[in-house]
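Visitor: This is the structure, below, for whatever I ask next.
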Amino acid sequence: MKILAMNDGDFLSDTLALIDLACDLTGIDDRHRVLLKNVSRRLSVEYPVVLDDGSTTIINAYRFQHCNARGPYKGGVRIAPTVSEAEVAALAMLMSLKSAVLGLPYGGSKGGIVVDARKLSPCEMERLCRGYIRAVFPVIGPANDIPAPDMNLSQDAIGWMLDEYEMLAGRYEPAAITGKPRVIGGSHGRATAVARGGVYIIEEVEQRRNIYYSTYAIQGFGNVGGSLAKILHGMDRTVVAVSDSKGGIFSANGLDIPAVAKHKAETGSVVDFPGADNITNEMLLQLGVDVLVPAAREDQISEKNADQIKAKIILCLANGPINQKASEILSARNILVLPDVLANGGGVAVSYFEWVQGRQGYYWSEEEVARRLKDLMKNALYDVYRMSLELRCDMYTAAYALGVRNIVEAMEARSFG
Ligand SMILES: NC(=O)c1ccc[n+]([C@@H]2O[C@H](COP(=O)([O-])OP(=O)(O)OC[C@H]3O[C@@H](n4cnc5c(N)ncnc54)[C@H](O)[C@@H]3O)[C@@H](O)[C@H]2O)c1
């Protein structure tokens, strides 16, 4: 496959292996398989950003578009010094699959900006974001490709990106980018959508199994992990451990999450939170909790550490945190894995609601957004469940199979391939 010629990484190899397995299970032919395993457009750009000291630096960035059979491309923009072409390609593929699992009229894409966000001042970050939009402007737009937040991209940054897009377009285009502040066309519930969608999935599993999951360990304390911790804390669930890139903390009696958030804001990390024990990210993954939530980044649980996992269920809010071999091991051990393309779909779901609201110029109440999100997540969960019964496989594999089947149906309707 052509894409393997890129600087390959485990994450992309794992994603391609999953697509292959899903194609095998659903009887997808080679014509469509080859499309699913490649991206249709790889835009790689270099653009200048003026730093506060007056010097100029050149930034590398990407916008990869995977497949638009089901609708316009849709995908976030990630800022990290480690962002690679292989990573952006895998993330674009996951976006197509995720939208297809949720039944949204979107294809998949992803953006990446190769820089350490922590080294930039707010003014430099604004110039970085505006420059990115100028560089990718020819391939994005409300009916072409709609960016959104991903790692290290705040709501303010999305506001700057939308403003830059609208200045270049010469008109208001609130549906061009999602995840923006509400005062400029954002939706209620977008900032917490990934976490909220995950909570709806957990509640539905609890209801179905007649069980109550009280203890949680969350890897990652950013947009997604931090929001989830706050929501669970507000629901009187016990978050015993959280972590960030510098390490984690544990308290058997539960962490005071608002106090942890304050500590992180003041010190830059959750580590050394008073009254809790410092632990490593590896230790967090192995805690004996009801629910383990990888909410940081890809490649966290593989065949190397799947035997060590003690949680009852795993809610994958990060993209690509578990590979297929690990999911097989976990499934054989009766640990339910709720995969990324289902579990973190709340983000693209509320992005879709935001896009719809922007296109019609009519904005919904908080209750309306929450009701629609809950319905959508619940329906997707049961669609995946039915697929797992049909194919006699675990929920993880079933989600990918459902995504692949839904995309290929649209490809066939358009005679793609
Ligand atoms: N933001 C969204 O709308 C969205 C939607 C769907 C999926 N996701 C996925 O969720 C994950 C987190 O995204 P986010 O928006 O919260 O990013 P973020 O940048 O806001 O937060 C990431 C968190 O992970 C921590 N982290 C980074 N590397 C780590 C490591 N090696 N070990 C432990 N912690 C580490 C960071 O310190 C930070 O606390 C990513 O996989 C992203 O693709 C995000």
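For all residues, glycine too, the Cβ spot is worked out from N, Cα and C.
TrEMBL feature annotations, pasted as is:
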type	residues	note
BINDING	Lys74, Lys98, Ser351	substrate binding site
ACT_SITE	Lys110	active site, proton donor
SITE	Asp150	site 'Important for catalysis'
BINDING	Asn223	NAD(+) binding site
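Can you tell me where each of these features sits in the structure?
Guide: Ser351 (substrate binding site) counts 26 other C-beta atoms within 10 Å of its own C-beta, drawing on all protein chains shown.
In sequence order, Tyr62, Arg63, Phe64, His66, Gly75, Gly76, Val77, Arg78, Val88, Ala89, Leu91, Ala92, Met95, Asp150 are the residues of the chain that are 6 or more apart from Lys110 (active site, proton donor) and have a CB within less than 8 Å of its CB. According to DSSP, Lys110 (active site, proton donor) is assigned to a strand segment.
Under the DSSP three-state reduction, Asp150 (site 'Important for catalysis') is assigned to coil, being neither helix nor strand.
Every protein chain considered, the tally of other Cβ atoms within 10 Å of the Cβ of Asn223 (NAD(+) binding site) stands at 23.
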Visitor: Do you know offhand how many angstrom separate Lys98 (substrate binding site) and Asn223 (NAD(+) binding site) by C-alpha?
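Guide: Cα-Cα distance, Lys98 (substrate binding site) to Asn223 (NAD(+) binding site): 19 Å.
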Visitor: To the nearest Å, how far is the Cα of Lys74 (substrate binding site) from the Cα of Asn223 (NAD(+) binding site)?
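Guide: Checking the Cα atoms of Lys74 (substrate binding site) and Asn223 (NAD(+) binding site) gives a distance of 19 Å.
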Visitor: Around ligand 1, within a Cβ distance of under 6 Å, which of the recorded positions Lys110, Asp150, Asn223, Ser351 show up?
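Guide: Within range of ligand 1: Asp150, Asn223.
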Visitor: Going by DSSP, is Asn223 (NAD(+) binding site) sitting in a helix, a strand, or coil?
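Guide: DSSP assigns Asn223 (NAD(+) binding site) to helix.
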Visitor: Give me the Cα-Cα distance between Asn223 (NAD(+) binding site) and Ser351 (substrate binding site), rounded to a whole Å.
Guide: 15
Visitor: Look up Lys98 (substrate binding site) in the DSSP assignment and reduce it to helix, strand or coil.
Guide: helix
